[in-house]
């Protein structure tokens, strides 16, 4: 393709229109005169803040807390807010969370937003869980899941983390339906799985 001899004039761009570098701005850092909050103060704050959240006063959450009495450390602290601290070999040892939203995807899986006492995290519940008769109608908003050894997908570009939930991750399911018996016969696939208080 031949360019006209005066192609530079046709562009109608003046040197003043071109910015050679971006404008820089200083961002002042926040000053923290209070120091770092001690661990016990943090746990106390989380426990008391949870008291104000209706999700953590719901029937399924109360039943999950009762089931997890010996394992209360994962209930009080939560893992989602600082997931990098708790990931071991790409997995979270324990997760106790409530389903806040769920949407089926084109692969037959369920895309969910889970909430623990520290925050929210997205994830996917594998289609085999949804097709299992024990769980097919239980994976709804308001259900509390007790999970173990859950894979965490962390794309480097985004910095976000996503849970990949399969049948073998499910320890116990507490659906929001109040008709579920409260005598220890709640839905669970891995009744023999014991969550240890200390991680390996």
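The backbone N, Cα and C atoms fix where each Cβ goes, glycine too.
Here is what TrEMBL says about this protein:
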- 186-200: compositional bias 'Polar residues' (COMPBIAS)
- 94-177: domain 'Homologous recombination OB-fold protein OB-fold' (DOMAIN)
- 181-200: region 'Disordered' (REGION)
Mean per-residue pLDDT computed across the domain 'Homologous recombination OB-fold protein OB-fold' (94-177): 90
Give the residue counts of the domain 'Homologous recombination OB-fold protein OB-fold' (94-177) per reduced DSSP state, in the order helix, strand, coil. 8 helix, 44 strand, 32 coil
